[in-house]
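Working notes, beginning with the structure itself.
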Amino acid sequence: MNPKIIFLDAVREHNPLIHNITNLVSAHFTANGLLALGASPMMAESPDEMAELATISSAVVLNLGTPSDEKVSAMLAAGMAANQAGVPVVLDPVAVGASHLRQKTVATLTQNIQFAAIRGNAGELAYLADVQWASKGVDAGQGSGNLAEIAQKVAQKFNTIAVLSGEHDFVANHDRVMKLSNGVALFPKVTATGCLLSAIVGAFLAVAPRELAFQAACEACTVYAIAGELAAVGLQATQSGTFAVRLLDALAAIDATQTEQLMKAEWII
């Protein structure tokens, strides 16, 4: 990873339109997080307008949180149209191991759409990598697999950038894995923080040339994690509500220099 943060300012300058087909739990928080960062959110879900909207979007983020037949149809239409338009598509396979419906949906999406990035927790990416893991609904659950290897297996299997988020984040492509160690324990205490990260990955990919997509994904994770650290200063473990509001403020205030000074990154592979 380049130690210089080069895409945060680009997000704010270009105000990319990020089309999210997301879940009812996270839509509001995701939209506000993108606005705070400097991107522009769109949360449309009708299959009938997906082809048109893909041509005006800067990135498309597909989130499996609350699937339905209509939403899955919209995801397919949006993702395929975005591929045709050269617009990056991000997949967030929420709780993919929890039900046959989610597993079937992810299989359909990955067979028909080329994803620029797949972002999930350890349990979700372990399922995609065919690694045994005891997931707990939308939570990561418990497992003993090598997280860097899981991320890289997903990257290689789907020819994508894999972002495995958790206490440490792992960003992988077909031959490299970066470990990112910023962040705070309050993140999992607020619903939709993972969903927002997927959308922020989309925003950074939207302003990055394809050959620098790996760098952009690493930057997205780092900026978000450090914003969380700044938001959590002085807070107790019981102040998750305050943290959620302060996280939006931190996303609006964080700058590249601050991020460069605080980031913790190392190559694993």
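Including glycine, each Cβ sits where the backbone N, Cα and C put it.
Feature annotations, reproduced from Swiss-Prot:
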type	residues	note
BINDING	MET43, ALA192	substrate binding site
BINDING	ARG119, SER165	ATP binding site
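Listed binding-site residues: MET43, SER165; maximum Cβ neighbour count within 10 Å falls on SER165. Counting in whole angstrom, ARG119 (ATP binding site) lies 18 from MET43 (substrate binding site) by their C-alpha atoms. DSSP gives ARG119 (ATP binding site) a strand state. The distance from the Cα of ALA192 (substrate binding site) to the Cα of SER165 (ATP binding site) comes to 13 Å.
Classification of SER165 (ATP binding site) by DSSP places it in coil, neither helical nor stranded. Across the structure, MET43 (substrate binding site) and SER165 (ATP binding site) place their CA atoms 23 angstrom apart.
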